[in-house]
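Read through the structure below, which is laid out as structure tokens, and then see the notes.
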Amino acid sequence: MDRNEKQALWNAVHGGGAIDEHTAVSVLGASHGELAEILHAAHTMTMRRFGREVSLCSIANVRSGNCSEDCTFCAQSSHFKGTPAPAYPLMSVEEIRDCAEKAGQSPLEFFSYVTSGRALKGKSLDHVCEAVDGMRERSFNHCASLGCLDFESLKKLHESGVVRYHHNLEAAESYFPNVCTTHSYEERVRTVRDAKKAGLEVCCGGLLGLGESHQQRVELALALAELEVDSIPLNFLIPIPGTPLENVEPLQPLEILLTIAMFRLVNPHAEVRMAAGRAALRSLQSFIFHAGCNGLMVGDFLTVSGQGIDHDLTMLEDLGLTVRTKK
């Protein structure tokens, strides 16, 4: 980064605004010697907006596998054979509520019900709504990730007690055709907009390390800023055997930290949440909170095991951070 780029970075931090596209690209291209200053800028922005509270979330995979979509990273796609993902139908109402009961033993702000497939519809959607409607007084907020739902379905979901809807853009619009061909980027954007119109908070981010350029990572960050999403979950590719991306080399720890910082600096008012792939940070996992994260997904992911929540709670305590609970 040159002097003007660093000045633009700090002007944004001290002014309470976001960095521009040029500065965002320069952040991703920063040298290792500039890492500390960039993390300091991102951390300062996070502390001013969110303080020392961290939002924890977890998910339940309530329908797995046999997905009609061809997302190149996903073990649940029916297009790819030999992946390790389990396949099972939608859980019963009682099974979904059992998942929520177990989740309530941890200090979560959000717990999300996730299903494979393009979109959950009809009686299946009613089934999830019934399960959630009977659990309004839980210690956490209900979240759902049920695919490309239309406005009426999202409204029904909100009326059942769901507070937040998760629906990633996955990648920049210019790179999306390399990620999925069975539905469009525009469909994903429309779902996000409809969720907001239905009164839901929106958790919307993407998956990094798919082969996209630095410019395309910035493109995704700017798209999320334009959509004014509430939470940005950042996932970093875990190459899964049997998928087209099984041989892609994961991002290195310092590149992951710079990527987190860039998303924070472009989105000063949104939660930035570390989701899948943080094992790639190895010994630097706690650095995510210096890079701009104020949210963390805990427990297992959709098709990959995570680490125990006790380990994460100890990490937060060691960092002097506190857990934010249901509003």
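The first residue you see is number 1, and the count goes up from there.
Cβ atoms here come from the backbone N, Cα and C positions, even for glycine.
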Please state which member of C203, C204 Swiss-Prot lists alongside S112, C143, R273 for binding [2Fe-2S] cluster.
C203
Between S112 ([2Fe-2S] cluster binding site) and C67 ([4Fe-4S] cluster binding site), what is the CA-CA distance rounded to a whole number of Å?
19
At the level of the C-alpha atoms, what whole-angstrom distance separates C203 ([2Fe-2S] cluster binding site) and C74 ([4Fe-4S] cluster binding site)?
19
When neighbour density is defined as the number of other C-beta atoms within 10 angstroms of a residue's C-beta, which of the binding-site residues C74, C203 has the lowest density?
C74
Quick one: give me the count of other CB atoms within 10 A of the CB of R273 ([2Fe-2S] cluster binding site).
23
For C67 ([4Fe-4S] cluster binding site), what residues in its own chain, 6 or more apart in sequence, show a Cβ-Cβ distance under 8 Å?
C74, Q76, S77, S78, S116, G117, R118
